[in-house]
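*Asks:* Sharing the record's features from Swiss-Prot:
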type	residues	note
SIGNAL	1-22	signal peptide
DOMAIN	23-98	domain 'UPAR/Ly6'
DISULFID	Cys25-Cys51	disulfide bond
DISULFID	Cys28-Cys36	disulfide bond
DISULFID	Cys43-Cys69	disulfide bond
DISULFID	Cys73-Cys89	disulfide bond
Amino acid sequence: MRKMNTLLLVSLSFLYLKEVMGLKCNTCIYTEGWKCMAGRGTCIAKENELCSTTAYFRGDKHMYSTHMCKYKCREEESSKRGLLRVTLCCDRNFCNVF
C-alpha cells in the first residue's frame, strides 16, 4: 500500500508541475525551407491555447510557415488563389517544430 501511495504522489506531482510550468511552444514569424528566418523564440501557452504551425504551399512547394501559441487552435486547411494554407495544432512541449 505504501508503494502505491508513493507512486500516486509522484504521478500527481508530475501533473502539477506540467500545469505550473505550462505548455511551451516554438515561435517563428517567418520560416522558409523549414528554417526560421525571423522572430525565433518560445511562448508559454495561456488558457485555451495550443502550439500551432501554419504552413503555406503553392502546389507541392512549401512557401513559408509561422509558429506560435494560438488561442482556440483548430486544425484546418484552405486554399485561395492557388495558395494552400494548413494549420496544425499540438499539445506537447515544443511540438510545433520547424
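Here the Cβ of each residue, glycine as well, is placed from N, Cα and C on the backbone.
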*Asks:* Return one of helix, strand or coil for Cys73 (disulfide bond), based on DSSP.
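*Replies:* DSSP call for Cys73 (disulfide bond): coil, neither helix nor strand.
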*Asks:* Measuring C-alpha to C-alpha, could you say which of the disulfide-bonded residues Cys25, Cys36, Cys51, Cys89 are within 10 Å of Cys69 (disulfide bond)?
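*Replies:* So the list is Cys25, Cys51, Cys89.
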*Asks:* Among Cys36, Cys73, Cys89, these being the disulfide-bonded residues, pick the one whose CA is nearest to that of Cys51 (disulfide bond).
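*Replies:* For Cys51 (disulfide bond), the closest Cα among Cys36, Cys73, Cys89 is found at Cys89.
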*Asks:* Quick one: mean pLDDT on the domain 'UPAR/Ly6' (23-98)?
*Replies:* 96
*Asks:* Nearest to Cys43 (disulfide bond) in three-dimensional space, by Cα, is which of the disulfide-bonded residues Cys25, Cys28, Cys36, Cys73, Cys89?
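*Replies:* When the Cα distances are compared, Cys25 comes out closest.
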*Asks:* Cys25 (disulfide bond): which of the disulfide-bonded residues Cys36, Cys73, Cys89 is the nearest Cα neighbour?
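*Replies:* Answer for the nearest of the disulfide-bonded residues: Cys89.
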*Asks:* Distance between Cys73 (disulfide bond) and Cys36 (disulfide bond) at the Cα atoms, whole Å?
*Replies:* 21
*Asks:* Using CB atoms and a 10 A radius, I'd like the single residue among the disulfide-bonded residues Cys36, Cys73, Cys89 with the highest neighbour count.
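*Replies:* Answer returned by the neighbour count: Cys73.
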*Asks:* Please report the number of other Cβ atoms within 10 Å of the Cβ of Cys51 (disulfide bond).
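*Replies:* The answer is 26.
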*Asks:* I'd like the number of other C-beta atoms within 10 A of the C-beta of Cys28 (disulfide bond), please.
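*Replies:* Total other Cβ atoms inside 10 Å, all chains included: 21.
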*Asks:* Where does Cys25 (disulfide bond) sit in the DSSP three-state scheme?
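*Replies:* Strand, per DSSP.
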